[in-house]
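Colleague: There's a structure below that I have some questions on.
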C-alpha cells in the first residue's frame, strides 16, 4: 500500500498518469485465446472454444415454439410511459398501477421520472358530495412518441450439439474474461461454442492512453466487431453488470441473430449517465493511491462473504486489476442516453434476469423493474449470491443458465389462447417479477 501511495505522489509531481499499459506483444497466445484487432492499434483478447461434438440439426425440423410479440409503447410529454401488450406474453406478473392497487393486466402505465408516485385524481361534484371516492379523470393528450412492435418470433431449445449456437460472455468494469472461468469450462464441456472477450484496458487487451477509447459507444463498437466475427445463426448473450448494457445494445441492433439474453446483476432499464459526485472523478494519480482501498471495498461489496476463498476468486478472475486511468475513464464514459425504458421495451428477445440477493451495487428493485419493462423476461434471485454471483455460486448459475438455454415455449399441441392461459398459471410472480416455471424446465 505504501508503494501505491509513493507511486501516486511521484506521478502527481511529474504530472503524469499512473497508468500501467501492458503491451499486447507481452501477452503470449495460449490455447483457446485469440487476439482480434477491432481497430488499428486496438486489440482485444478473446477466449474462443469450439469443442468437438456430433452435430445435430433437430431444431431445423420444426421444433420449438412461436410467440406473437405485439405491443404498443406510448410516451407522453410529461414523462408518462404506457406499455400495452397486445399479443402473446409468455409470463405473468403482478403489475402495480399508479394508485397502488395491484391487478393483473396487460397494460403497464408508469412515470419515467418517478415510477411509484401516485397519480392525482379528481371526481365529479356529485361523487364528492356523496362521499364516494373520486374517479380518476383522463384527458386526451397527444403522445410525444408511439412505437408499435408486431412480430412473430420462434424460440427453440439451444443445445450444445447444435452447431448454429454460440454463447457470448461479456464482463463489466474492472473484470476480465477470467471471471467466467466456471461458465466457460462448464458449457464448453457440454459442447457449446463459447466466446468471451476482454474489454479494452482489461485483462489481456490493449489499453489505449486516451479517455475517449473507453466511452460506451467505443466499447459497444468493439463488442459489435466481436459479435459479427464469431456470430452463428442462434446466438445467446450473457452479460454481467456493465456488460449487460452491451448485450442490450446487440440484442436491439441484431434481433434476428440474438436468440436469448441473460442479464446478471445488470440493473434497471435506465439511460446511462456518469455521476458528477463520484470518487472516480478524482485525478488518476489520486485513484492510484486509493487502489488498495478500492480493491478492499469491491471485495466487501461484491461478495456476500469476505474470506480467503473470495480473495482467491478475485485473484484468479483477474477482477479489479485495471489501472487507475482505465478505471476513471470507464466510469466517466458511461453515457448512453438512448438506453432508456423505451429502448428496453422494444426488445422482443427472451431474457433471463439473475440477481444476487446480497448485491450492494444493484438493488433487487432495479432488476424487478427491468423484468416489468421487458416483453419476455424471467427473474431468478439467488439467495446466497452477491454482485459476483457467477463466481460465488457457479453450480447454481450454470444450472439456471443451461435450463434457460434449453427452454422453449410449448404451443405445439394446444391452441394459442389455451397455451397462454396454462403458462400464466404455471409462472408465478416472485419478488414482483416473473420466474421460470418448474414445469417448463427441461
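Glycine too: its Cβ is placed from the backbone N, Cα and C atoms.
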Colleague: For the feature region 'Disordered' as recorded in TrEMBL, pick the matching range from 57-85, 86-114, 115-143, 144-172.
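Modeller: Of the candidate stretches, TrEMBL labels 115-143 as region 'Disordered'.
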Colleague: For the annotation region 'Disordered' in TrEMBL, which listed range does it cover: 379-410, 411-442?
Modeller: 411-442
Colleague: In the domain 'AB hydrolase-1' (166-268), how many residues does DSSP put in helix, strand and coil?
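Modeller: With helix first, then strand, then coil, the domain 'AB hydrolase-1' (166-268) has 43 helix, 24 strand, 36 coil.
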